[in-house]
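**Student:** Take this structure, written in structure tokens, and hold onto it; I'll ask about it next.
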Amino acid sequence: MRRLFLPLAVAIAAPLVARATDLASAQRGYAVYAQVCSACHSMKQVTYTDLAGLGLDHEQIATLAAAHTRLDGVDAEGQPVRRAGRPDDHLPSPFPNDAAARTANNGALPPDMSRLALTLPGHERYIESLLTGYRPPPAGLALSPGSYYNIAAPLQQIAMPPPLHAGQVAFTNGIKATVPQMAHDVATFLGWAAQPHLDQRRRVGASVVLYVALLIGLLFFLKRRIWSNVG
């Protein structure tokens with residue numbers, strides 16, 4: 001039994017140790033979000049520090065944060081004071097409030113993307129399908145005012161215009177920024193952002209499984225050793 005238990009525990013723990021996110025894809029997806037999606041969508045529950053989970057170092061994170069200034073109270077004359085962003089700041093919102101967001105988007109409120117991949121059916125796959133689902137409307141189909149035809153959207157209509165266009169973002173390592181590639185990468189990023197500490201929890205879970213396996217194996221060995229001398 002003990003010869004079988006440890007390999008079984010290793011087999012259970014191995015998928016937990018494996019990284020849940022394609023970091024290269026998620027990093028490209030962050031670039032797509034920052035350069036395209038962030039013009040309309042916020043990520044109020046994600047901080048710059050969280051981006052360390054994508055493999056960014058402290059200097060890179062500090063540079064990204066400092067590129068956006070933040071309101072920091074008022075001065076003695078009542079004028080607003082701004083400061084450079086800090087790593088513990090949340091990613092900036094494109095609009096000061098929901099009313100301003102609706103005004104800028106023909107009455108539609110762009111959803112916050114922090115946990116979007118968890119709330120949508122199909123999760124990342126649905127986001128990718130939606131971003132690549134824009135088509136010319138079939139002949140005779142009357143779209144609602146301000147709507148676009150999208151085969152993945154409910155009722156095949158969506159208020160968001162096609163956000164992605166080929167070559168819109170510059171990728172490194174020879175990756176071409178096609179619409180399917182950008183859609184896949186930003187969906188990967190949003191999947192990571194919805195659970196930014198998932199990989200860490202998986203590693204902790206794997207450690208617990210292996211620890212319990214070793215403990216049970218030790219207890220089994222001691223039991224056999226003690227009872228072998230009885231009688």
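Including glycine, each Cβ sits where the backbone N, Cα and C put it.
Feature list, courtesy of TrEMBL:
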{"type": "SIGNAL", "residues": "1-20", "note": "signal peptide"}
{"type": "DOMAIN", "residues": "24-159", "note": "domain 'Cytochrome c'"}
{"type": "BINDING", "residues": "Cys37, Cys40, His41, Met160", "note": "heme c binding site"}
{"type": "REGION", "residues": "78-109", "note": "region 'Disordered'"}
{"type": "TRANSMEM", "residues": "204-222", "note": "transmembrane segment"}
**Student:** What average pLDDT does the predicted model assign to the domain 'Cytochrome c' (24-159)?
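**Tutor:** Mean pLDDT, the domain 'Cytochrome c' (24-159): 93.
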**Student:** By DSSP, how many residues in the region 'Disordered' (78-109) are helix, how many strand, and how many coil?
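**Tutor:** Counting residues per DSSP class in the region 'Disordered' (78-109), I get 7 helix, 6 strand, 19 coil.
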**Student:** Using a 10 Å radius around each Cβ and all protein chains in view, which of these binding-site residues has the most neighbours: Cys37, Cys40, Met160?
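**Tutor:** The largest 10 Å Cβ neighbour count belongs to Cys37.
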**Student:** Give the nonlocal contacts of the region 'Disordered' (78-109) in its own chain as ranges (CB under 8 Å, at least six residues past its ends).
**Tutor:** 38-49, 58, 61-62, 65-72, 146, 159-160
**Student:** I'd like the number of other C-beta atoms within 10 A of the C-beta of His41 (heme c binding site), please.
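**Tutor:** That number is 22.
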**Student:** Using DSSP and three states only, what is Cys37 (heme c binding site)?
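**Tutor:** Cys37 (heme c binding site) sits in a helix per DSSP.
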**Student:** Which state, by DSSP, holds Met160 (heme c binding site): helix, strand or coil?
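**Tutor:** Note: Met160 (heme c binding site) is coil by DSSP, not helix or strand.
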**Student:** Just checking a number: largest C-alpha distance across Cys37, Cys40, His41, Met160 for the heme c site, rounded to a whole Å.
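**Tutor:** Greatest Cα-Cα span of the listed binding residues: 11 Å.
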